[in-house]
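Now, the feature entries from TrEMBL:
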BINDING   A:E134, A:D165, A:Q191, A:E239  divalent metal cation binding site
DOMAIN    A:422-565  domain 'VOC'
BINDING   A:H425, A:H497, A:E573  Mg(2+) binding site
2 protein chains.
Amino acid sequence: MRTSIATVCLSGGLVQKMYAAAEAGFDGIEIFEPDLVAAPQSPEEIRALADRLGLSLDLYQPFRDAEGVDEEAFADVLHRAEAKFRLMRRLGIDLMLVCSNVGTATLDDDEVSAGQLRRLGELAAAYDIRLAYEALAWGRFVDDYRRSWRIVELADHPNVGVCLDSFHILSRGHDPKQIEEIPAEKIFFLQLADAPALSMDVLSWSRHHRLFPGEGSFDLPAFLAHVQRAGYAGPLSLEVFNDTFRQTDPVRTARQAQRSLRWLADRTADLLGDEAGPLPRLPEVAAPEAFDFVEIKAPETSGVEVLLEQLGFDFGGRHRSKQVRLWTWGEVRIVCNDQGGSPAAPRIAAVGFDVADSEPAAERAAALMAPPVHRRTYAGEQALRAFSSPDGTEVFCSHAEDWIGEFDGGVAGTSTERGSARIDHVNLVQPWHSFDEAVLFYTSVLSLTPQPTQEVAGPSGLVRSQVMSSPAGGVRLPLNLLPTGQLAGDEQAHAQHVALACQDIVGVVAAARERGLRPLKVPGNYYDDLVARFRLSEDFVATLRELDLLYDRDADGEYLHCYTETVGEVFFELVERRERYDGFGAGNAPVRLVSQAG
Amino acid sequence: MRTSIATVCLSGGLVQKMYAAAEAGFDGIEIFEPDLVAAPQSPEEIRALADRLGLSLDLYQPFRDAEGVDEEAFADVLHRAEAKFRLMRRLGIDLMLVCSNVGTATLDDDEVSAGQLRRLGELAAAYDIRLAYEALAWGRFVDDYRRSWRIVELADHPNVGVCLDSFHILSRGHDPKQIEEIPAEKIFFLQLADAPALSMDVLSWSRHHRLFPGEGSFDLPAFLAHVQRAGYAGPLSLEVFNDTFRQTDPVRTARQAQRSLRWLADRTADLLGDEAGPLPRLPEVAAPEAFDFVEIKAPETSGVEVLLEQLGFDFGGRHRSKQVRLWTWGEVRIVCNDQGGSPAAPRIAAVGFDVADSEPAAERAAALMAPPVHRRTYAGEQALRAFSSPDGTEVFCSHAEDWIGEFDGGVAGTSTERGSARIDHVNLVQPWHSFDEAVLFYTSVLSLTPQPTQEVAGPSGLVRSQVMSSPAGGVRLPLNLLPTGQLAGDEQAHAQHVALACQDIVGVVAAARERGLRPLKVPGNYYDDLVARFRLSEDFVATLRELDLLYDRDADGEYLHCYTETVGEVFFELVERRERYDGFGAGNAPVRLVSQAG
């Protein structure tokens, strides 16, 4: 199948949008009328440019308020439509989107609407143009795809068919199953959009908050499966109105859009048991169930190494050919990289995900247009394949056994006195414009699953947190969206962290304090409140207070945790999960944020 | 009456919030529990600080999920409450907010809730504490103030009363009139918040989008009048959860909050015919019905002066003692100011509003805490009083006759060949963090009225536009909210403009082109679309096309307009309003934005 994208999804002028779509590998575009009206190029120039870029012009949209009107108003509709048909001929477009009437409909009568669509179809036929009739979720009378199909059936004209849009169908909670009853040749066009679960009026939801497939809450693989079963063979096209995409680089947005379609097509093929799939299949890769390593980078990382020593890490050796040192504790591997001048202060530069076989994982990432990262390797060294995630953090699909031999001079094995440890989660702070893209990236490239989002109040704004996790919970990756205002400057607000799960946090922290660790100070009021909230023993709360440990409890178990100070833009968390506690102590986050702000 | 503010309205840590509230002139604060829990200071330190700052601690909030539960759960409630009462004694607070149960209520029975509130009241009485029970808009069973009052009546305990919150009442559309039936001594507390008209779930609306009185759509003067009629004499307190205020300077937010209360109290006194009013009355000032002048400032404004000459302005003279020149056309006065180094490129530095008597206007602004602006004046010159608006533009309440004599050497009077002209509107671009504050500023200081907001799609994001206007429409001030991402750098996105209304735009533009004016180029596709949309004569459209004029029409009349190029961050619009057209050609804005982006 072919891929297409509506120009309204992308920022910039029409020509810029066309270049972006072509560059991201789209086969065609839908021309959103206001984009054409505002463009200085003539329709003929746009047509010639599309031709040179290899883009087909798949749809002209939208034509509004066409049916369900009285005869006088319909005369105006025909006048408007004919001007558009002439324009479409200049563009070389033969399909027009006709939305169900929102503004001018006065007649709630399928026969009237069908008759008017038929007459519009007759006029269109004279120009060799076809009409795809779509039920808008907020249409005055027609707001359900089953009704728009009934009207198209009644219109009974070869140039009149339906357009199906996942947003308009799923946002209303309409069952997409009956799509399968529509004859394939009458489904003229398909528009795809995802959206977050929001309870707001459907028009605002539609205009501001649509997302690309894989970024929201709609079950689009199931939706597309119904359309496929109906036999639809036209393009898979995206129509997404979103306040963020309107502001971001159209080339980057177009790649994100193409990635979403490739992922969606692959998931749909899985559902249908379709080996070929509507688009080329992706290499199948199981989600990683452990972190392989975290790399922290700066011209000078010794502050981080002091923290690691205090926490009880063992020195794992120097890299054979690079200014890079390894620190280990149980299954935790932290790499400190002093090469190069950027970033200026310590920051998480890369995260390694432990995948059994890195080759198909890398191929999958490449097929999903994840930008590859090139790192110099020397003879005898493992060339690890890595990709740049939307916030710039490098993502490795790796396996320690393949690269750990490149480090010399460290402690062999790891001391066991402190018990084992593993990376519990890695928290990455996302700028506002790459948050949704990051959700899609980790969903599609690493097969992680987004959990419900949470919001946490900090002293300088609300922080939205989206955890991405592997099926068995071995990998947890909370993505924190910064408050809009904090675009730069505030290092603490941008700080990321690595959480280390240990088995006896009280013992670990007591020993670390002996080695000089000063955990983030927790206010006394917090412990007074803890006593009021949970009926804890006085001794236990005294221990928590003494060690600056935070506490949470839910029906699944308990969570004890504490934080180190921040070095550059990185800090560490120590956590002990008791029983099946699966959260992150979100209720304690405001206390942490205030303490960190000082 | 006293003024108070909940600490949740302000950003920062608790101590910072307290300083901000005191600095803005608040008499007291509500302590939002999470702010205390995260604070490193002990309750005793907070109490002593409040004392030194002259702030009373009016309310401890919120205590959740207190009533409507079974006996076992209620034992936990009493345990929790007693810990809070002890804490409140340490703080010296004697009033606690008890919200209607959201999470744990299982018994939908007024008698049960009343009985539990009574027992809670008995416990509170032992600590000399009173409880203000509030119906949350999303309470499990109790979500209406009339029901919370019925429960309080049933509880029948001197230490149990109600808290009224304008958000919870007005967001649900409940009639506030019945507030007057509640005995004054049982209204323990009043919380005020405004909000925009949004259709979303009430919880999200409440948590993210509340506003200070005068910034949203609620009729708060009418609301407060009901509370006043009931005889309430406690503090007027603000409780506003807002994503923006959480991120902005708390001192500035607190001043904005105080301004909103002073304005609200004054409007309420008007309604009640109350000469004294709940807070000191403001000097009464009629809204201005004309612009007095616009000042454009830069180290070098000659580019602007070239535009003014081409548009047909007369040189109105040089200022006697400053590097400032006046340009006039009919009733339009533009002042070009070359003094000083900032702003670097031409920008609107000041707007003069024509008020009959500037003295009370200035006193009103001062009473509303508008920051005064000081400009050096010399002997014999009029000392104009000006105030800094939230985006930094200086606002003058002035009258040309008072200052125009300070300009020498210009054309006496104005040539009439081009017909008369007036300033139709001045468009000021607002950064995201001062948009709501600007609405309140122009509402309260200048008595302008906010019109419904509109959104316009530009090539790099949606622009939200809020027009502030005078009752007779003589002053129109559209405030444009920039897309979030455009915080700096993009001059065109930040460009402001002055629109000049003339009587014969075709003649004016033709003459201006003779003098070298090059209007903003309008794409040919726009005119093709115009033909499809409106049935206009070919000759007329040809004239529009030739002169790059944009066109709009609605039921009230027609609008013809065009734009100059942008100099620095300023451009001009020429407009001709036909019949009673009252809009701004918003449908043409995307075309302008794309053309300006080049």
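The count begins at 1 with the first shown residue.
Positions of Cβ are set from backbone N, Cα and C atoms, glycine also.
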Checklist entry - How many other Cβ atoms sit within 10 Å of the Cβ of A:H497 (Mg(2+) binding site)? => result 22
Next on the checklist: Return the average pLDDT for the domain 'VOC' (A:422-565) as a whole number.
Outcome noted: 90
Checklist outcome for this item: Counting across all protein chains, other CB atoms within 10 angstroms of the CB of A:E239 (divalent metal cation binding site) number 28
Checklist entry - Do you know the DSSP helix, strand and coil residue counts for the domain 'VOC' (A:422-565)? => result 44 helix, 50 strand, 50 coil
Item to check | Packing count at A:E134 (divalent metal cation binding site) (other Cβ atoms within 10 Å of its Cβ) | outcome: 22
Checklist entry - Looking at the binding-site residues A:E134, A:D165, A:Q191, A:E239, which has the shortest Cα distance to A:E573 (Mg(2+) binding site)? => result A:E239
Checklist entry - When you measure from the Cβ of A:H425 (Mg(2+) binding site), which residues in the chain that are at least 6 apart have a Cβ under 8 Å away? => result A:V467, A:R476, A:L477, A:P478, A:V498, A:A499, A:F584
Next on the checklist: Neighbours of the Mg(2+) site A:H425, A:H497, A:E573: Cβ within 8 Å of the Cβ centroid, same chain, sequence order.
Outcome noted: A:D424, A:V426, A:N427, A:P478, A:V498, A:A499, A:L500, A:F571, A:F572, A:V575
Checklist entry - For the binding-site residues listed here (A:D165, A:E573), which one has the lowest count of neighbouring CB atoms within 10 Å of its own CB? => result A:E573
Checklist entry - Other than its own, how many Cβ atoms are within 10 Å of the Cβ belonging to A:Q191 (divalent metal cation binding site)? => result 25
Checklist outcome for this item: Reading the DSSP string in three states, the entry for A:E239 (divalent metal cation binding site) is coil
Checklist outcome for this item: If you measure between the CA atoms of A:E134 (divalent metal cation binding site) and A:H497 (Mg(2+) binding site) and round to the nearest Å, you get 47
Checklist outcome for this item: DSSP says A:E573 (Mg(2+) binding site), in three-state terms, is strand
Checklist entry - Taking just the CA atoms, what is the gap between A:Q191 (divalent metal cation binding site) and A:H497 (Mg(2+) binding site) in Å? => result 39
Checklist entry - Just the number: how many Å between the Cα atoms of A:D165 (divalent metal cation binding site) and A:H497 (Mg(2+) binding site)? => result 40
Checklist entry - In the same chain, which residues outside the set A:E134, A:D165, A:Q191, A:E239 have their CB within 8 A of the centroid of the CB atoms that define the divalent metal cation site? => result A:L97, A:C163, A:L164, A:S166, A:F167, A:H168, A:F189, A:L190, A:L192, A:A193, A:S237
